[in-house]
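Q: What follows is a single structure, and I will ask about it in a moment.
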Amino acid sequence: MTLASIRRGYHVIKTLLQYGLDDVLPPKMTPWYFKLARNSLFWIRNKHKGKSGGERLKLAMQELGPVYIKLGQMLSTRRDLLSDEWANELAMLQDKVPPFDGALARQAIEAELKAPIESYFDDFDETPLASASISQVHTATLKSNGKAVVLKVLRPNVETKIQADLLLMSQTAKVIDYLLGEGNRLRPSEVIEDYRVTILGELNLKLEALNAIKLRNNFLDSDALYIPYVYEEFCYPRLMVMERIYGIPVSDIAALKAQGTNFKLLAERGVELFFTQVFRDNFFHADMHPGNIFISREHPENPYYIGLDCGIMGTLSEVDKRYLAENFLAFFNRDYHRIAQLYIESGWVSEKTDLQAFEQAIKVVCEPMFNKPLDEISFGHVLLELFRTARHFDIVVQPQLVLLEKTLLYIEGLGRQLYPQLDLWQTAKPFLEQWMAEQVGPKAMFKKVSTKLPYWSDKLPEFPELIYDNLKLGRKLLSSQQQMLDKYLKYQQQAHKSNYLLITSAILLICGTLLFNQDATLWSPYVCLISGAVLWIIGWRSRPKNRKF
């Protein structure tokens, strides 16, 4: 461990203690040696006693900087782990940090381009358009066609800083795991590993560019979503160049109202976009917070979304998609037995789970939701409550479903902010039912066969040879099995013969010994002893030597 990491560790501990976060730890996490260590840092006192635990955690993460802010944002979506009070506080964390020097940004961009900025761009503005914890954005125009673009560049040394903080988080999580023991609900190491994968993915702008290109291609003909054009020739691991857009932030409700935006259509399109990305394309934007979404300025009566920042994307397996769709349909049909079955069939919970107990737990959680009108029931909260319940039955955490749950909560919250009367179920139900109809029945079977047809057509000429080889292999196996059986029978015969001779020899030897003490003829004990010895030698030599069949 380096001196810098020790210094950073002390700063983290000091900050957490100054916000009194040691006071909110459960008893399991405060054994005598923890209390001894805490008392040894007597000069660090809680300076925020009047604030709630959730607010103190939010302020501490804000003070610790970008990596912890992003961790807090991620934790705010893990409502299966945290209480609503804590999750709501963490959701208020903002990824806003002071910009770094524009001259440093120029150097970083030129290092990636391996040429002066002026070789490819005009009007480069060293004052950033936006600044975040991992990167910042500068404007320019393309020299080749004069189009306005933005250049997104990583902060200097951000990878090193993030790796150092991740290592510290990982070590701390292992300690907490140890203190909480087996079966703890929080599972810190698991949470930090999910976070590590997510944040390291955001450090590669080339990957983000490829994600944006794929999402753009999926919605090229859509009137609901627009993804800015990415100039792939200028994209590198630390630099990304894309078309500049001029939209209205989705959170600016006043500006959207002023231009006469059709809020009902906009909210319904948001829901449709989510289900289209998940079920049609199996590639969904998993960071749909308001800072990444804009609304078009033109055609307010027929508005569309503009999506930015494709650093975090999610995918589901075909199995996950089917079980997810069936879960939603089963919930709205109040079929709790089927929901429990689906969780077990999908492998999300162990097959050893008590089905009846699991079904009853789901019913207890979900049934009260139907006291509300259908248009007030939240898909995201349904999924969240099911995950929370499944955690008591040892759910195997699925990172892709955590991303999906987070995205669904964002989309729902956004939809109801834009149009409070949004009936999510009525918007989504036809989509889910149509998708399920495409997955089962004659049409689905024909589609699957059609998809596999080119593969089987390619393999068809090999079938005769394959059948012949299998028959030949079968004959070899039968022959081999017959040989093994013959060897086994021979072994048994030899073993029986040997055992018979050895037992007979033992009887003769015992008889010979006894005859010495009786009034027997002179020769009879010797005959028994000699015969017994001879039979023992023959029996011993006739034992089967090889037990391999």
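Every residue, even glycine, has its Cβ placed from backbone N, Cα and C.
Remember, predicted model here, so these are calculated numbers, not experimental data.
According to Swiss-Prot, the feature active site, proton acceptor maps to ASP287. Positions annotated as ATP binding site by Swiss-Prot: LEU129, ALA130, SER131, ALA132, SER133, ILE134, SER135, GLN136, VAL137, LYS152. Taken from Swiss-Prot, the feature domain 'Protein kinase' covers 123-501, and the record attributes it to sequence analysis. Here Swiss-Prot flags 498-518, 520-540 as transmembrane segment.
Buried or exposed, and what's around them? Tell me for each listed feature.
A: Here the Cβ of ASP287 (active site, proton acceptor) has 22 other Cβ atoms within 10 Å, regardless of which shown protein chain they belong to. According to DSSP, ASP287 (active site, proton acceptor) is assigned to coil rather than to any helix or strand.
Away from its own ends, the transmembrane segment (498-518) comes close to residues 524-529, 531-536, 538-540, 542-544 of its chain (Cβ-Cβ under 8 Å, at least six residues beyond either end).
If one looks beyond the transmembrane segment (520-540) by at least 6 residues along the same chain, the residues whose Cβ comes under 8 Å of a Cβ in the stretch are 497-502, 504-509, 511-513.
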Q: Comparing the binding-site residues SER131, SER133, SER135, which residue's C-beta has the most other C-beta atoms within 10 angstroms in this structure?
A: SER135
Q: DSSP secondary structure for SER135 (ATP binding site), reduced to helix/strand/coil, please.
A: strand
Q: Can you tell me how spread out the ATP site is, meaning the largest CA to CA distance among LEU129, ALA130, SER131, ALA132, SER133, ILE134, SER135, GLN136, VAL137, LYS152, in Å?
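A: Between the most distant Cα atoms of the ATP site, 14 Å.
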Q: Taking just the CA atoms, what is the gap between VAL137 (ATP binding site) and ASP287 (active site, proton acceptor) in Å?
A: 18
Q: Do you know offhand how many angstrom separate LEU129 (ATP binding site) and ASP287 (active site, proton acceptor) by C-alpha?
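A: Approximately 20 Å lies between the Cα of LEU129 (ATP binding site) and that of ASP287 (active site, proton acceptor).
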